[in-house]
Each structure stands twice: as C-alpha cells, then as structure tokens.
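Visitor: First, the structure itself, so that you have it in front of you.
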Amino acid sequence: MSMYGRDPWGGPLEINAADSATDDDRSRNLNDMDRAALSRPLDETQQSWLLGPAEQKKKKKYVDLGCIIVSRKIFVWTVGSIVAAALLVGFITLIVKTVPRHHHSHAPADNYTLALHKALMFFNAQRSGKIPKHNNVSWRGSSGLSDGKGKQGSFYKDLVGGYYDAGDAIKFHFPASFAMTMLSWSVIEYSAKYEAAGELNHVKELIKWGSDYFLKTFNSSADTIDRIVAQVGSGDTSGGSTTPNDHYCWMRPEDIDYDRPVTECSSCSDLAAEMAAALASASIVFKDNKAYSQKLVHGAKTLFKFAREQRGRYSAGGSEAAIFYNSTSYWDEFIWGGAWLYYATGNNTYLQLATMPGLAKHAGAFWGGPDYGVLSWDNKLAGAQLLLSRLRLFLSPGYPYEEILRTFHNQTSIIMCSYLPIFTKFNRTKGGMIELNHGRPQPLQYTVNAAFLATLYSDYLEAADTPGWYCGPNFYSTDVLRDFAKTQIDYILGKNPRKMSYIVGFGNHYPKHVHHRGASIPKNKIRYNCKGGWKWRDTSKPNPNTLVGAMVAGPDRHDGFHDVRTNYNYTEPTIAGNAGLVAALVALSGEKTTGIDKNTIFSAVPPMFPTPPPPPAPWKP
C-alpha cells in the first residue's frame with residue numbers, strides 16, 4: 001500500500017517536509033534575503049531600476065480617510081464607479097420621464113371599463129326608499145317611503161327600498177330578482193376585474209340594496225311561509241282607466257301622492273325560486289360577512305321550499321304581472337334556484353333536485369325551439385345549464401350526476417354554436433346585431449345576456465386548459481366566442497349603422513329622450529301632479545336630467561332607432577337589461593388573462609368523493 005496521500009484531482013499527493021514550513025517562516029526567510037541584498041550600497045542607476053523615477057517617490061500609494069487607509073487605486077475606482085452609476089441612473093430616469101410612452105393598445109378594454117362605470121350608475125338612479133348621501137345622482141331624492149306601511153296583520157312591516165323597474169315607479173320583484181342574481185353571478189366570477197375597475201365596493205353595495213329589500217318581502221325569519229309580495233305599485237291602464245297609478249301619471253317618484261297597492265301571491269314558484277337564486281348568489285358575494293351571508297341563505301332556503309310546495313306561476317290568473325312580466329313556466333327557476341342553493345350551502349339535496357332529468361325535461365332542456373339558448377328574466381335555462389356545466393368542468397362530481405351534467409355541458413356547447421354567425425339559428429341585422437328575440441321589440445336585453453354567457457363559457461374553457469369546443473365536426477377556439485361577445489357589445493357602444501351608443505352618457509351620440517319619468521321632469525322645486533307631468537312626457541325637448549348608464553330597449557330589426565320618449569319599445573331602460581349589460585361589460589373589461597375566479601363559488605361545497613356506480617347485474621348464460 002502506497003504511503004502517498006490522495007490528491008482530490010486524482011494524482012498522487014506527496015507530502016514534502018520543506019513545504020510544511022509556515023507562512024511566517026517563509027516571510028522571515030524573505031526578509032533576511034532582502035536585508036542581505038540591500039547591505040551593499042547601490043549606485044544611482046541600480047536604484048532607478050528598483051525604485052523607478054525619483055519624482056514618483058512623492059506620490060502616495062495610499063489615501064488616508066481618517067478612520068481607514070485604502071489603496072489610492074481602489075479609492076479612485078470606487079469613487080469613479082459610484083459617479084458613473086449615478087450618471088447612468090440619472091440618464092435612464094431622464095429618458096423614462098421624457099420619452100413618450102407607447103402602451104399596447106387596450107382601447108376596447110378601456111371602452112368596456114368606461115361603460116361599466118356608467119352602467120352601474122343606472123342602478124343608483126333607480127333606487128327607491130331613503131337615498132344614501134353618496135348616491136351621486138343629483139336629481140334623485142328619497143321616495144316610496146310609505147310603501148307597504150299601515151297594513152295591519154300583514155307578514156311584512158314595510159316595503160321601503162329596492163329598485164324601480166324601468167321608466168316608471170313600479171317594483172316588479174320577478175325581473176328585479178333576476179337582475180340581482182345576474183349582478184351577483186358577475187361578481188362571483190369576476191371580482192378581480194371589478195376590483196381593477198375600482199367598482200367592487202359599488203356593485204356589492206348595489207346587490208345589498210336589492211337583497212335587503214327582498215328580505216322584507218316575506219317572513220324571512222321563518223322556516224316555512226305561505227305567501228310573498230310580488231309587486232309594489234300598479235301600471236294597468238287597460239280599458240281607458242283614469243285611476244292615478246304608476247303608468248297613467250307622469251311624475252317624479254319623489255312627488256308621488258297616489259296609492260301604491262301591494263300585490264301578494266301564495267302560489268308563485270317562479271318568483272319564489274328566482275328570489276331564492278338572488279339571495280343564494282348574494283350569500284356567496286357576502287360570504288366574508290358570516291352573519292349576513294347566513295341570513296341570506298336562510299331566506300333562500302325558505303323561499304325555495306315555498307316554491308316547491310305551493311306550485312304555480314306568479315303571473316297566472318289574469319294578474320297585472322301577466323301584462324308586463326309574464327312568466328311562461330317555473331321549471332327553469334327550479335333548476336336555476338336549486339343550482340344556486342347548492343353552491344351557497346353545499347347541500348347535495350339541492351344538486352340532486354337541480355339535476356333531475358324530469359325537471360330538465362319540463363324546462364325544455366332537450367327539445368330546442370326558436371327561443372332555446374336565450375337567457376332572459378323569464379327563462380333562465382341557458383344560464384342554469386352553464387352554471388351546472390361549471391361543476392362538471394372543475395369538480396367532476398361523477399356518478400350519479402355525470403350523465404345529466406354531461407348533457408347540460410353538451411347543450412351549452414350547442415347554444416354557443418348557435419350564437420356564431422356561421423350558423424344561421426338566429427338572424428342578424430345588416431349592422432350585425434343578433435336577433436335573439438326574432439325581430440320583436442326591445443332586443444338589447446337578450447343580446448347582453450348572450451354576450452355574458454359566451455364570454456363566461458370561453459373563460460371557463462380557458463380555466464380548464466381547454467382551447468375551444470366542437471360544433472359538430474368542427475373545432476372552434478375560445479377566441480371565436482369572445483369575438484362574438486365583443487361585436488355585440490361594440491354594436492351597443494356605437495359600432496352600428498346609426499353610429500349611436502345605446503347607453504346614455506356613453507360616447508357623443510346617445511338617446512336624449514329616454515322614456516323615464518325622473519329623467520324627463522326638471523328638478524326645479526315645482527311639484528307636477530299626476531297629469532301636470534304629461535307636458536314633460538310629450539315635449540320634443542331632450543331630458544333635462546341625464547340618466548347615466550341606462551341601456552335603452554334598442555333598435556329595430558332594420559337597425560333603425562326612434563329617439564322618442566313616448567315610444568318605450570325604443571327608449572325605455574330596465575334594471576334586468578342593465579344587469580346583463582354590467583355582467584357582459586365586466587367579463588370583457590381589463591386584461592383577458594385575469595379570467596374567472598375558479599374557486600369562490602365552491603366555498604361551501606364539501607370535497608367530492610364520487611359514489612361508485614352500482615355493479616352490473618349478475619351474468620347469466
């Protein structure tokens with residue numbers, strides 16, 4: 001065995017005794033040698049070889065900084081580096097400050113965000129009840145302060161608050177509930193975009209204003225109820241009636257002095273289930289406020305139970321609702337309300353109900369039809385199917401839900417295909433607006449809802465790492481859906497043959513004669529009575545007050561539009577229409593990469609452990 005040590009690089013390492021001398025020994029030896037060398041006197045030339053020119057002796061090699069002595073070379077380099085760095089930083093700062101900035105073009109996103117600010121303001125203008133100080137609509141004040149008061153023995157204390165439906169002062173609870181559900185859905189999916197636009201607190205405050213009011217319209221502390229309020233105010237002028245009401249009179253809401261009747265109902269499954277959806281979705285928006293969220297969930301459960309137990313359409317039997325907001329069925333609300341209650345509670349009973357094939361069949365999920373895929377205040381099927389497809393995309397609950405969820409997912413895909421111009425399921429105007437209501441009046445409310453669903457579905461697919469979907473044999477990217485939504489919203493914002501924005505206060509050319517009592521009567525300290533306001537209804541002058549953010553009913557099938565106050569089919573806005581607009585705008589606003597909030601909606605949903613399917617029947621020969 002060799003006595004050599006091992007060099008880490010692989011060669012033999014010999015240990016030499018001479019090498020073991022310490023550094024101190026070595027330096028001592030060198031000093032001795034130096035002294036020996038210098039003991040002989042050197043002539044001038046020899047000295048110059050060793051020391052260089054004589055004058056350099058004067059130049060100090062070190063700099064004394066008082067507390068420390070450093071090499072002159074290091075000192076010069078250090079100071080020079082600092083000065084150079086300072087000059088460089090200053091130069092870069094100068095360039096950044098003075099050179100014009102070239103942002104990437106986000107013009108469409110800016111437009112959607114700008115329109116979003118305005119579209120939300122419409123709800124401020126529609127408030128009923130005691131108006132808060134920060135409402136920011138100068139020509140509106142408190143109104144409807146005696147709504148629902150003074151009726152002894154009723155199940156409600158008062159009905160002050162909520163929102164006026166449109167250009168009148170009626171509170172229709174069926175479309176109002178849908179409007180609040182749509183606002184809540186948009187916040188649950190796109191809270192980051194609302195935050196980026198600086199509107200999150202505003203929209204949450206608007207939702208709370210609505211849900212606080214709904215809690216007044218039934219006994220929300222009870223577990224079981226037998227009636228709810230469907231409407232406050234009246235608008236029936238049929239048969240030439242001259243009784244003062246919200247349609248016969250033309251008055252500012254603040255000046256109303258006529259009776260405002262309260263309409264109750266005891267079998268109104270559609271209304272109760274829609275209101276349950278509104279409260280359940282709001283409970284997810286306010287999940288961080290535990291007490292309030294639980295109050296909303298309790299109310300939603302009570303309403304849904306009432307809807308299931310006391311069956312009937314709220315607009316049946318010749319009620320006034322049948323004239324203005326007739327409901328065609330309550331099956332779609334059962335699926336929609338059940339889905340929202342499942343998300344709000346995590347209780348499987350609601351999911352089982354929402355995915356019952358019989359319910360879907362009654363709601364028309366399997367048989368198409370001319371209005372299939374059109375989301376509206378009346379029919380929520382398209383929204384409910386998308387909402388439940390979300391569950392399949394992200395949580396895959398498996399058996400026993402998979403089959404019906406797959407059907408809903410497929411149906412949603414077909415609906416998205418039907419929106420595309422390449423398929424001719426729906427006509428389009430020459431200007432490019434999709435005719436979801438087949439050329440009938442007031443088309444924009446359906447357009448905005450479709451734009452929201454399309455953008456949301458494309459964002460669902462993106463979040464599920466899916467680049468697109470199939471329409472028959474052809475594959476389409478998610479961008480195609482987004483483009484559909486953009487073309488429709490751009491049409492509403494002014495990219496149409498009339499070059500007119502259909503959102504009041506947006507752009508330079510928008511409707512000036514909106515069918516709206518408060519906006520058309522000046523706030524001039526004069527109180528115009530029931531018929532005294534007719535002159536403001538009939539004048540050809542523009543409205544004295546700008547109803548910022550109101551989306552009017554829209555153009556006709558030829559892209560034509562008559563800016564006439566008395567023609568409500570063109571110029572009247574509604575809260576249901578504006579809620580869909582807000583949802584579509586926030587979905588398209590800001591950066592596409594922001595996407596949806598995948599998890600918040602599942603906050604109450606427990607972990608899923610799919611039940612294994614039953615074993616096959618025993619084999620028999």
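From the backbone N, Cα and C atoms, a Cβ is placed for every residue, glycine too.
In case it helps, TrEMBL gives these features for our protein:
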REGION    1-29  region 'Disordered'
TRANSMEM  74-96  transmembrane segment
DOMAIN    112-585  domain 'Glycoside hydrolase family 9'
ACT_SITE  H515  active site
ACT_SITE  D563  active site
ACT_SITE  E572  active site
Visitor: Look at each of the active-site residues, D563, E572, and point out the one with the fewest other Cβ atoms around it within 10 Å.
Guide: D563
Visitor: Name the residues of the same chain, 6+ apart in sequence, whose Cβ is under 8 Å from the Cβ of H515 (active site)?
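Guide: Once residues fewer than 6 apart are set aside, H515 (active site) is near A166, G167, R565, T566, N567, Y568, T571, E572, P573.
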Visitor: Restricting to the domain 'Glycoside hydrolase family 9' (112-585), what is the model's mean pLDDT?
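Guide: Averaged over the domain 'Glycoside hydrolase family 9' (112-585), per-residue pLDDT gives 97.
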